[in-house]
Amino acid sequence: MEGINGTVFAYGQTASGKTYTMMGQEDQPGIIPQAIDDVFAYIREVFDREYLLRVSYLEIYNETIRDLLNPQQQDLRIHEDRKRGVYVSPLREEIVTTPKQVMKVIQRGEQARSYGSTEYNERSSRSHTVFQMIIESRDKNSGVTIPGRVRGSVTLSQLNLIDLAGSEKAASDLDRRKEGAFINKSLLTLGTVISRLTEDTVKPVSAIHIPFRDSKLTRLLQSSLSGNARVSVIATVSPPLPNLEETTNTLKFASRIKKVVLHAKQNQVLSEKALIQKYKLEIAELRHKLMETNDLLEQERALQDIGLERSIRMQYEERLHEGQLVRTALKERIDHLTRLILSSTSVTPKAILDWNAPLLEAAMAGVGVSHNIYTSPYSIMFM
Ligand SMILES: Nc1ncnc2c1ncn2[C@@H]1O[C@H](COP(=O)(O)OP(=O)(O)OP(=O)(O)O)[C@@H](O)[C@H]1O
C-alpha cells in the first residue's frame, strides 16, 4: 500500500494445500481474500491519500499464458521495458472499488481456469495462476491545475498473489502427463533460478546468468525475484510417509529461497500516465466544463425572461434543453470517475456490513432460499 511491490506464492507437491491456502474456503478465507480485505481496510484508515485499484488474473497452462478475465485471449506475450519491468500484454485489467467486486472478478476467472483430476487430487490446479492488483495512490491535497498538468507524484505498486500448480510424479493419463511435464519443467526452472540467486559467489547478481527465460513462470517472477519486491513463500507439505521425498524437496526449496536477498524500494512515478492522475485531470476538466455550461444556462434563462417573441423564445428553449442534457451527461461522467477513486470516506465501514449480515441471512432464510453465505469484513457474497 506504500508503493513497494509484493509477491506471495505457495509451493508444494500436488494436493498439499496450495489452493486451499491461497483461496481458502467460505468459512476460512485464504491469503487472497484476506489480502483484498486488508487493502480496503488500509484505504479506509488513511485519510490523506486517494487510491485507484486495478486487477488482472492470468494462468500459465502448458507454457502458454491465458487471460482468465478474457479467456478468448490465448497465448499472451511477455514484454519488458525499463519503466514497467516485465509485463504481460494484452492483458485485461479491471478497476475495482469494493472487496465484493474483486471476489466476483476472481470467481469469474476461476471458471475459466484449467483444473483436472489426478491420482492425488480430484480438483488439481493444472496451471500456475497470477492474480495481480495494481495499487496507485496520490496525496489527496496535491491538487490539479487546469488546463494541463496534474501536480504531485503517484505511488505505484503491484501485489502478485500466485497459486502454483503442484509438482507430481508421472501420471498414467497422456494429457495429465503432458501437463505434468510442463508443470515440472517450470518448477524445476524456478528451483534453478533460486539456486543461482543464492549461489556463494563474489560476483554481483547482475553478472551471473540466471535462466529466468527458461520458463514463463520464472520470466513473470523475474522482477520480483531479482530485486524490487518483497516476496513471501508458503511451503505446503503433506504428512503421509509416501510423500517424504516430495516433502524433503519442498523443504529444501524453502530453505534455499529464504536466502534470496531482495532490495525492495518504494516506486514513485511522476508520470501523468498513471490512471489515477488521468482520471483526476479528466474530473477537473469536466467540472470546469460543467461550470461553463451552468453559466450559459443561467444566461439563456435570463434572456428567456425578457419577453422575446415566440419563435426566438422557442430557440432559446431548445438550447436550454440541449444544455441540460449536456449538463446531465457531464455530471454522470464526473460521478462515475469519482466513484472509481477510493478514499477513506468512500470505502464502506466494516460495522455497517457486520450489522447487515445477520439481517440479510435472516431475510434469505425467511424466503426459503438455499445459500452459502461468505462474509468477509467488507463483503457479503451469496453463492
Ligand atoms: N489445511 C487444510 N485443511 C483442510 N483441508 C485442506 C487443507 N489443505 C488442503 N485441504 C484439502 O485438500 C485437498 C487438496 O488441496 P489443494 O487443492 O489446496 O491442493 P494443491 O496443493 O493446490 O493441489 P494441486 O497442486 O494439485 O492443485 C482439497 O480438497 C483441500 O480442500
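Placement of Cβ uses the backbone N, Cα and C atoms for every residue, glycine included.
Unlike curated records, TrEMBL annotations are generated automatically.
When the ranges 220-247, 248-275, 276-303, 332-359 are checked against TrEMBL, the one recorded as coiled coil is 276-303.
Here the binding-site residues are Gly12, Gly17, and the one whose Cβ sees the fewest other Cβ atoms within 10 Å is Gly17.
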